[in-house]
């Protein structure tokens, strides 16, 4: 079964090659029970490692059941170990966080023999029962005695039905009674199952149990003694014939990947505090991404809602200073006749209304309130702002505008501050000392682009605010670009002409958002012609889309800055993950060697550690999503900034976190996958 021809193994020590095996030629028949003996440094352990394909010979040939092991590639060697070799180690090499059943099932992860998980569980259970541990399936290694742990190691070695069982000092850490039990188990496996057994030992009693003893000295076979003829039934050796190496199981198959995820979670739980601290950078980075995206999405939504509430087709015309056709500089005034001209002569204009602003204090009984905005206008303005359908009452009429009637309409906020839950219609309030009757309450609008309350407003006829409210205090408008107020006028009980009164702005609604630019051009031409001025600088015409663009650019800039900071945090988190994964590779070097010994190839090891890094980042990502959402809600409430949840935010965050795990976990995973199995098993 085993043929060794001139097998050599040299180790490089400094500038020199140190020969350990100096040309071993040895044949071992199928079903033989062989003991390898020799003093320390004789080469017996090195020979066992070569037999188990854990190490590569420097020279010579090694055939097992007709397979030229010396010529196999690393991938084929992994499949060879999985299919043909079983290992029993002196120190057991059990996974500390896995149950007895899971430890025995470890080789099946890397096997490609077609067994289902249920079949693997059944086989592992039978093996544990056969070694006397049927009642210990769910026990952890630290809950078992040394003999029980070695029995688990033997059951694990038999899990893939190997042709060759290699045992390195299997009784070295056991008491005398347990040693005899293990030796009896070896004899049973050899005689009843026909397994070829090679045991490395210093103990003469252990060697006495073998059919054949091979003594080594100075890297050569010094003595080869057959103690007794093999008693194995030759009919049981039929299955020991060579089988073609099966295609290795895919490292990324669903069962293998799921097992890797489970192992990753167990490994991360092993050092919970270190895991949390490692994830902190990812958590902060993802939380920054989520909060930034939600706050910016909320701001964008607020901008859109404000544009919709104020009108995407809205323009405001304010006076400026310009040169007349004669070349003289003079201030420009806007009068109600200009409003009429704009409405009648500009085909792109749907609605035009005058605007008069005031700074006022409102008083009702013992309640006082200063609204954000006190505005005089006409009913056309209310219609353009979708305020013609009031929550309570009715809009003021054109007749009331002409009469400068003492009426007003309150926003929801003002109505609440002055009347609380009382019915306000028909009640009287004082506006800068002028008594006005409440005729309506506006429907709720909410905050504007920058968070100002659009419902903190009082609206009345522009004539009322111009001739009564503003004149009552001698106040001037709050806008420096407006002309000085005209002297207060004696109000008459009859209607009077107000078409030459100065107003502060003109509110215009274009026929559609597409007509805004045309409306701007037409308005400039009409007003410049009416006032005999050059168009440049005479009027400032603004539309809400310009304001929205500016605010949007500011929000975009702040969001970009936040995302840059989040990216830096993710980079720091990624470096931390790389560091901790390198530490994990070092701590689990023996585990890596064990997995390779039972059939794991480089791709499987790479997958294992890559998944661990990814799991670390994805878990941190989910925590970051929750933390980021809570942070954005908190910030929004504290500073009054709107927030909006986005389905893309968590998707982007998890994707970025997983990418960080893959990118920064690749180097540690690659480092683990390139370890030499024998070096990994020897690592202390």
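Glycine too: its Cβ is placed from the backbone N, Cα and C atoms.
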**Report entry** Candidate ranges 563-583, 584-604 [criterion: Swiss-Prot lists as transmembrane segment]
**Finding:** 563-583
Requested in this report: Look up transmembrane segment in Swiss-Prot and report which of 212-232, 275-295, 296-316 it refers to.
Outcome: 275-295
Report summary line: The mean pLDDT across the domain 'ABC transporter' (2-243) is 86
Query raised in the report: By Cβ distance under 8 Å, which residues at least 6 away from the ends of the transmembrane segment (644-664) in the same chain are close to it?
Result: 282, 285-286, 289-290, 293-294, 297-298, 300-301, 570, 573-575, 577-578, 581, 610, 613-618, 620-622, 624-625, 628-629
**Report entry** Tertiary neighbours of residue 38 (ATP binding site) (same chain, Cβ under 8 Å, six or more apart)
**Finding:** 44, 215, 216, 217, 222
Report task. For residue 44 (ATP binding site), list the number of other Cβ atoms lying within 10 Å of its Cβ atom. Result -> 26
Query raised in the report: Which Cβ among the binding-site residues (39, 40) has the fewest C-beta neighbours inside 10 Å?
Result: 40
Query raised in the report: Got a sec? Which of these binding-site residues, 41, 43, has the most Cβ atoms within 10 Å?
Result: 43
Query - Residues that sit under 8 angstroms from residue 42 (ATP binding site) by C-beta distance, when 6+ apart in the chain - result: 216, 217, 218, 219
